[in-house]
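Here's what TrEMBL has on this protein:
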type: DOMAIN; residues: 140-221; note: domain 'Beta-carotene isomerase D27-like C-terminal'
Amino acid sequence: MDAKLVALCRSPTLTSAHWKPKYPCVVAVLPRPADEISGETRKTNVYKDTFFDHIAINHMSKCLQEATGLRNSKSGYESLVEAATMASQNFSPIQQHQVVTKSLYRAFPKPMLLLIKKVLPPSKFTRTLFAIFTTLFFAWLVGPSEVRESDIDEGRREKNVVHIKKCRFLEEANCVGMCINLCKLPTQSFVKGSLGISVNMVPNFDDMSCEMIFGQEPPESSNDPALKQPCYKLCKAKQSHETNCL
């Protein structure tokens, strides 16, 4: 694997004027995508969605379609990916971020979000709880995941990382631009705004895994290595619509 590991340090070039990283960590893994090297298509996982998975998927797809005003006649996860693809083709990157954030607020009741934010202020317990909750209840969206530890200051460790083994959305979309504009950026914004806790999403575009690090501020957009990653040679959006998905 021809990969480049980018670490977050305490340099001011990687932080804003009002935030200093609490502890060092990886912010992005930026390899050359395998399909750019070999031209081969990756093997796609087969998911057996349960009845409740279908309810969650259809609800999320409906919320995204309502936020964009763009409808499709597909069903299941295919409908969600189609709704995201249509958003990527009809809106600018900033607008994509906005419509997905809007759809997330539609998907989750506002009173519930306010209650969670009030009773669970940022803490070690909250970060661990959010990590566990994500692995248990969002496999239908991103695929199987597990909670991992991260090193924090003074040598302490904390279970605040969700390691997504192979992101279902990225696998289906096969598009770096859709991952960044329709998942990473809006999710970071939504979690911070609705739950009051920072999260940094670190995609690995080689093996399609991802890490969600609760309690860590994401780098500024201009300094985020993930935003500088070129798209896959076999990007589905680019092939279908002959456009620059980034």
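From the backbone N, Cα and C atoms, a Cβ is placed for every residue, glycine too.
Caution: TrEMBL annotation is automatic and unverified by curators.
Each residue in the domain 'Beta-carotene isomerase D27-like C-terminal' (140-221) gets a DSSP state, and the totals come to 33 helix, 27 strand, 22 coil. In the predicted model, the domain 'Beta-carotene isomerase D27-like C-terminal' (140-221) has a mean pLDDT of 94.
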